[in-house]
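Single-structure report; data block below.
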Amino acid sequence: MDKIIVEGGQTQLQGQVVIEGAKNAVLPLLAATILPSQGKTLLTNVPILSDVFTMNNVVRGLDIQVDFNCDKKEILVDASGDILDVAPYEFVSQMRASIVVLGPILARNGHAKVSMPGGCTIGSRPIDLHLKGLEAMGATITQNGGDITAQAEKLKGANIYMDFPSVGATQNLMMAATLASGTTTIENAAREPEIVDLAQLLNKMGAKVKGAGTETLTIIGVDALHGTEHDVVQDRIEAGTFMVAAAMTSGNVLVKDAIWEHNRPLISKLMEMGVEVSEEEDGIRVKADTKKLKPVTVKTLPHPGFPTDMQAQFTALMAVVNGESTMIETVFENRFQHLEEMRRMGLQTEILRDTAMIHGGRALQGAPVMSTDLRASAALILAGMVAQGQTVVGQLTHLDRGYYQFHEKLAALGANIKRVSEA
């Protein structure tokens, strides 16, 4: 089992860092490669993450050829010919995002069986919106134990209103609708950049998707899709993590290839806090002096609100800012577990249901801490950089799901950090 050791206290990040393709984009893109019955699909700018290997295995388990060239960061998928309709439990159970294969398999084969997914232990994250939407399109859904079975000889276009703008449900229904007969409208759809990226891939495959990035999606079904090429969009959450890292260490960092528009909610709060953020030709520059920063109140919301996937990292920043900051988490319950670990480092915080009060400005102390989920692992490492003494972060399987060589990128910016293997 690996662990990360951080020697904190004097870290001031300087330089530039390159951002990978988005983890939250590439997983549904891989699910979409199930749809084309003709030709091959090439995905480029693919991040090398454990979740990507897991999703590759999910798709491969459908008797689809998947070749991952890690050196080129490319995945070539050939789904032409007959494919299986049962997603392999051993891989689906490892990752929440794997539920997005349900819609593509059903649309392609008329029948699909997928086990209840696994992944980070952040709240209940129910999949009822996925299932209600597919039922509206004519699917018969049955749940037996931990398995979900969906059947529909031919999906039919439908008007779907989602009670909540779920990213996963929007992706699942959008993909299923591409091969349905007639027109599907999804109201209150998720608007994240990863939704737009998926729609762009589907349209390159021959789909007719309109409205991606707005509250209303319209999909006109077609008879078949074909393979294509697509470059995965940059990871706004990785970019945001390094922006926060620069701010909390009084650093000066150019986050290369970061997209301003995708990070606008985070940038707005950084600037409100007093961080200097500027758009440059090849990325976003972040400069800060933590002594001059002021506390803020942040509420997580679906896009274009403040992203829940940046909540943990931002609370680490709040910890170094003098005064009382407030973080309100409205998207997922049970997403303040990292604060319990940061209490071991001396953080003073009170948590009441969906709200955390952060009493910042007091020096953190290095301590052994344990990652509780993907973004918490990054937050604890960032906290370790500004803490006095040594911080040891364990349970790195979470980190590897969403960050590629995180410790090496931080070290290149000046952090005193290393990753070691325990016997």
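Each residue, glycine too, has its Cβ placed from N, Cα and C.
Not measured: the values here are computed from a predicted model.
What Swiss-Prot annotates here:
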type: ACT_SITE; residues: C120; note: active site, proton donor
type: BINDING; residues: K23, N24; note: phosphoenolpyruvate binding site
type: BINDING; residues: R96, R125, P126, I127, D128, L129, D309, V331; note: UDP-N-acetyl-alpha-D-glucosamine binding site
type: MOD_RES; residues: C120; note: 2-(S-cysteinyl)pyruvic acid O-phosphothioketal
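Distribution of Swiss-Prot features across the structure.
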{"residue": "K23", "record": "phosphoenolpyruvate binding site", "Cβ neighbours (10 Å)": "25"}
{"residue": "N24", "record": "phosphoenolpyruvate binding site", "Cβ neighbours (10 Å)": "24"}
{"residue": "R96", "record": "UDP-N-acetyl-alpha-D-glucosamine binding site", "Cβ neighbours (10 Å)": "19"}
{"residue": "P126", "record": "UDP-N-acetyl-alpha-D-glucosamine binding site", "Cβ neighbours (10 Å)": "11"}
{"residue": "I127", "record": "UDP-N-acetyl-alpha-D-glucosamine binding site", "Cβ neighbours (10 Å)": "20"}
{"residue": "D128", "record": "UDP-N-acetyl-alpha-D-glucosamine binding site", "Cβ neighbours (10 Å)": "11"}
{"residue": "L129", "record": "UDP-N-acetyl-alpha-D-glucosamine binding site", "Cβ neighbours (10 Å)": "20"}
{"residue": "D309", "record": "UDP-N-acetyl-alpha-D-glucosamine binding site", "Cβ neighbours (10 Å)": "23"}
{"residue": "V331", "record": "UDP-N-acetyl-alpha-D-glucosamine binding site", "Cβ neighbours (10 Å)": "21"}
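Straight-line distance linking the Cα atoms of D128 (UDP-N-acetyl-alpha-D-glucosamine binding site) and N24 (phosphoenolpyruvate binding site), rounded to a whole number, equals 20 Å. Geometry remark: P126 (UDP-N-acetyl-alpha-D-glucosamine binding site) versus N24 (phosphoenolpyruvate binding site), CA distance 18 Å. K23 (phosphoenolpyruvate binding site) sits 12 Å from D309 (UDP-N-acetyl-alpha-D-glucosamine binding site), taking the C-alpha atoms as the reference points. Cα spacing between D309 (UDP-N-acetyl-alpha-D-glucosamine binding site) and N24 (phosphoenolpyruvate binding site): 10 Å, rounded to the nearest whole number. The two recorded residues V331 (UDP-N-acetyl-alpha-D-glucosamine binding site) and N24 (phosphoenolpyruvate binding site) have their Cα atoms spaced 16 Å from each other. The two recorded residues, L129 (UDP-N-acetyl-alpha-D-glucosamine binding site) and N24 (phosphoenolpyruvate binding site), have Cα atoms 19 Å apart.
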